Amino acid sequence: MSQSPGPNHVEIEGIGLHSGEKSKIILRPALPGAGIVFIQNGEKIPALLQNLKGTQRTTSLCGLSVVEHLLSALAGTGVDDLEIEVIGREIPILDGSALPYVEALQKGGFLNPTIVGKATIVAKPKKERNYLEIKTHLKVTGNHAALEVFPYRGFKVNFTVEFPGVGVQQFLFDAEKQDYKKEIAPARTFGWREELEELKTKGLALGVSLDNALVLDKNGYVNQPRFPDEIVRHKILDLIGDLSLLGRPLRAEIRAARSGHKLNADLVEKIQDFVSRFC
């Protein structure tokens, strides 16, 4: 990975997780209210549900893949408006987590220095952010997984997963009490060693290595985890990124069991439908 901070932008280079090809993104400030907007081949792609094109092992917007880690970093640090020029087919995977993006945002001066290191998802004054506050119970299910939303004055995720080799993992992240940068951002994407060759025959995971992913087999972790429960923390990271497709920071409690990108997107759609009909 290489970073080039400029007076008004930050450049980040790396390889794509699935393509294995080099890619680069350029982060530039945007006007208040502009939202998060990707620019690929001159086309503007707002980070909104209407532009979602795929949820197979990643989140894709139009022709752009693996956006969820960067979106999670932005949501986790309270960045609501940003222009992201993309040179390539994917967002660089970097080390497989959101931490390099958080550090790049911090180095480039995109973050409020008074809130970095605190619970940044909800740390800015309310008047500075256009929150979407959920005041009812919503639920989506599918493929033995579930996501539920409950009213809450802040943002909280309680996530449970179970996988062979590592068993049950559970983690509670409350953005008003815990630090996204320390507790969630470092958690890396993960996968099973026996699946890698099959994925590569399908043109996926061509950029995967032990340097940018947590690899597992039937006996547990192949490489050293950053947390004993790194898998569930990464699932929270992904969920935060996927929820940002709402276009507004969410105020709610989320309870998740075995959810992935598809169900995350279903929840975003359900929230949007509820808001359009009742709010």
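If you go along the chain as it appears here, the first residue is 1 and each next one adds 1.
Any Cβ shown, glycine's included, is placed from N, Cα and C.
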TrEMBL Zn(2+) site partner of His234, Asp238, selected from His18, His69, His137:
His69
At the level of the C-alpha atoms, what whole-angstrom distance separates His234 (Zn(2+) binding site) and His261 (active site, proton donor)?
12
His261 (active site, proton donor) and Asp238 (Zn(2+) binding site), Cα-Cα, nearest whole angstrom:
8
Would you mind reading off the Cα separation of His69 (Zn(2+) binding site) from His261 (active site, proton donor), to the nearest angstrom?
12
Same chain only, sequence gap of 6 or more: which residues have a CB within under 8 Å of the CB of His261 (active site, proton donor)?
Thr55, Gln56, Arg57, Thr58, Thr59, Glu68, Asp238, Asp242
